[in-house]
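See below for the structure under consideration.
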């Protein structure tokens, strides 16, 4: 850091730091692939907008800084007090704002915009305003677009794919890839503040589309690397489900009716995604099973994989959702999360099923594996010709 004191508040102070960060992240097994270098604005300054995910975004800046060169970052004031790191960010010219004082923050942003325009530099901003790890970008704040229109500088959208190698909740960090996509600049020349909503919508649309597609691309590459091309997905899945072959107390294939779907998901009726669930559930044939196995709920949920498809595809690619899930509301499979839920859901699809009678009359055959599966009717039947006798069970 002493060499930074020779040129205080100079963007070039970030270059050696960027180099060190790149070496560390490389050592940890994470690789950032930069695309769209040909789209970099070269003859003027620009307002660089980057989606915000976590502290790992610092690694993204380390990749961009040597490419975009002259520039500065807008950050919340609290970072200035992060010890040595805060001092270092100040030395390379980071502009700090107090988000609690919106008027003062806007004045600082306006001054920063004028400065970068005069110096033909780049102003890095995170338009979402908050970190997140969702499947789509958060709504953009208007501050960045206000600066872009006021200075008439072009907007340089930069999209970073989802960090599937990072699990903030579990506090785990694995090796992996991420794509940094530099999109073509969007001109603000001739625009007025009346055009701000439309401009914000346009930038959000192109960045969000790129975020979802590149995030899916990273997941697909990871799944292919784990599963390979030797075993098709349907073959892998059949092997996984095979472990429950002897433990299906009931099964049938049917097209779920809207009424059944409404009963099934009635607890989500007031949720915004309710109708998405109904539509998907009734969209085609469904295979419905009653599993009879010790700890069946936990085992089946492990086989299904995480509810969030992106997470399943990256961390558990060999699960059903990891291979066949499309989105969080179209994630290919469902499993009861408790005995009470199982009883309620069984009653919807297997109206004649009686748990007490099943234990009394059929459970012992299942333990012996005396089952036959009819692939045409898609049902299991019990072989009752097995001669050995077993005591009847009394279920209270």
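Numbers here mean position along the shown chain, with the first residue as 1.
The backbone N, Cα and C atoms fix where each Cβ goes, glycine too.
Annotated in TrEMBL:
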- 334: active site, pros-phosphohistidine intermediate (ACT_SITE)
- 209, 273, 301, 307, 321, 331: ATP binding site (BINDING)
- 46-163: domain 'Phospholipid/glycerol acyltransferase' (DOMAIN)
- 236-357: domain 'Nucleoside diphosphate kinase-like' (DOMAIN)
- 79-97: transmembrane segment (TRANSMEM)
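Structure coloured by features recorded in TrEMBL.
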{"residue": "209", "record": "ATP binding site", "DSSP (3 states)": "helix"}
{"residue": "273", "record": "ATP binding site", "DSSP (3 states)": "coil"}
{"residue": "301", "record": "ATP binding site", "DSSP (3 states)": "helix"}
{"residue": "307", "record": "ATP binding site", "DSSP (3 states)": "coil"}
{"residue": "321", "record": "ATP binding site", "DSSP (3 states)": "helix"}
{"residue": "331", "record": "ATP binding site", "DSSP (3 states)": "coil"}
#### Entry: Which of 307, 331, the listed binding-site residues, has fewest other Cβ atoms within 10 Å
307
### Message
Highest Cβ count within 10 Å among the recorded positions 209, 301, 321, 334: which residue is it?
### Response
321
### Task
Could you list the residues of the same chain, at least six apart in sequence, whose Cβ is under 8 A from the Cβ of residue 273 (ATP binding site)?
328, 329
### Summary
Spacing of the two Cα atoms, residue 321 (ATP binding site) and residue 334 (active site, pros-phosphohistidine intermediate), in whole angstrom, works out to 10
### Task
Round to a whole number and give the Cα-to-Cα distance in Å for the pair residue 209 (ATP binding site) and the residue listed as 'active site, pros-phosphohistidine intermediate'.
28
## Note on the structure
Between the C-alpha atoms of the residue listed as 'active site, pros-phosphohistidine intermediate' and residue 301 (ATP binding site), the distance in angstrom, to the nearest integer, is 8
